[in-house]
């Protein structure tokens, strides 16, 4: 009897012990994916940024930890993909413009975990190319892109996040991105670097100024402030930023052709005879009988930049724009985009390296050589010159030198950093505004998205 009772008690105890364990194991299995889901939301965030530039469209996918430190995606610090031409090339076919982004959208969805896509913000910033389209062409393209994102993507986006990026936004994002990568954000403004971003349609200058300079800042003629107050990495900055529309590298060519009163242009290489198309307008490209001249090209470029335009304030750059007053925030300068690209084609920059120290005078010296060379011989001297840039090499080099020296007031022998990428930890990160946009977007939207989704 005792043995039977013992056996019965043993069975009851076994059932009693096993039952909670089985229930507990079911609860654990149910919580594991939930816990993983919550942890991933708390510890990492993604942002998808489309850069719809004048020469092409690019997508950047960034991954951040909870402190907005960049985390790798695969073997790289970001996912990047590009396509050509830019959206503005589809001015008469908005749907084709939107469809040109499909490969980029597919690529982004391939790297962001599916469970995070609904709370991953997506923003498209169109820059100078779309700004210059006439009528409602730009808005029709943007609406087609909004429809694409809404119908074919699971990313979190809003109509106002697919828009033409204001030039000052572009400049401030670039400044934030480069200073973030250099580890300058959070430090005194004197430790930050100025940025000059020479795009295709516009050029942006941005740098931090003192409180004293901020107090004296004049009002821009268009009503927009010259200075933005930014709070980044627990530090307040007075950020001078201005975007010069129509003064990017490609738009600058058009301005120089407009400034020429003759059919021939002293900036065109000898042997050139054709047309340059920009913004829906064709410009005659023909060198004078004596060939191009760097001196006459420089005079024409100064005229195109409106260097001598009336300045109603204390100090101006060009075209009557306030220069920000200078100061320690402009002591160091990082110049990007076409400054690197053109510099690489004439040997100022070695493309084996993500950046290089250079001086404005080097662009002038290269121009002196290019301007006295026949279009058929330019490759023998500058073999890395892209074929599409050959007719304009003299013009481009003179333009960049004049922009830096006469426009922004740099000493011809001042050493600046010309960059394509920035070394960040063990990675190279592209010097572009999308990173600054991503930092701003993630920090301002992540909590809102979570609350709305819960």
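Each Cβ is built from the backbone N, Cα and C atoms, and glycine gets one as well.
Features of the protein shown, as given by Swiss-Prot:
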{"type": "TOPO_DOM", "residues": "1-7", "note": "topological domain 'Cytoplasmic'"}
{"type": "TRANSMEM", "residues": "8-28", "note": "transmembrane segment"}
{"type": "TOPO_DOM", "residues": "29-454", "note": "topological domain 'Extracellular'"}
{"type": "BINDING", "residues": "48-58, 194-204", "note": "ATP binding site"}
{"type": "CARBOHYD", "residues": "151", "note": "N-linked glycosylation site"}
{"type": "ACT_SITE", "residues": "170", "note": "active site, proton acceptor"}
{"type": "CARBOHYD", "residues": "262", "note": "N-linked glycosylation site"}
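A map of Swiss-Prot features onto the structure.
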{"residue": "48", "record": "ATP binding site", "CB count, 10 Å": "30"}
{"residue": "51", "record": "ATP binding site", "CB count, 10 Å": "26"}
{"residue": "54", "record": "ATP binding site", "CB count, 10 Å": "26"}
{"residue": "57", "record": "ATP binding site", "CB count, 10 Å": "25"}
{"residue": "151", "record": "N-linked glycosylation site", "CB count, 10 Å": "7"}
{"residue": "170", "record": "active site, proton acceptor", "CB count, 10 Å": "27"}
{"residue": "195", "record": "ATP binding site", "CB count, 10 Å": "29"}
{"residue": "198", "record": "ATP binding site", "CB count, 10 Å": "25"}
{"residue": "201", "record": "ATP binding site", "CB count, 10 Å": "29"}
{"residue": "204", "record": "ATP binding site", "CB count, 10 Å": "30"}
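A separation of roughly 8 Å, to the nearest angstrom, links the Cα atoms of residue 170 (active site, proton acceptor) and residue 204 (ATP binding site). Cβ neighbours within 10 Å of residue 262 (N-linked glycosylation site), excluding its own Cβ and spanning all shown chains: 9. Mean pLDDT for the topological domain 'Cytoplasmic' (1-7) in the predicted structure: 49. Between the CA atoms of residue 262 (N-linked glycosylation site) and residue 204 (ATP binding site) there is a gap of 30 Å. Geometry remark: residue 198 (ATP binding site) versus residue 151 (N-linked glycosylation site), CA distance 34 Å.
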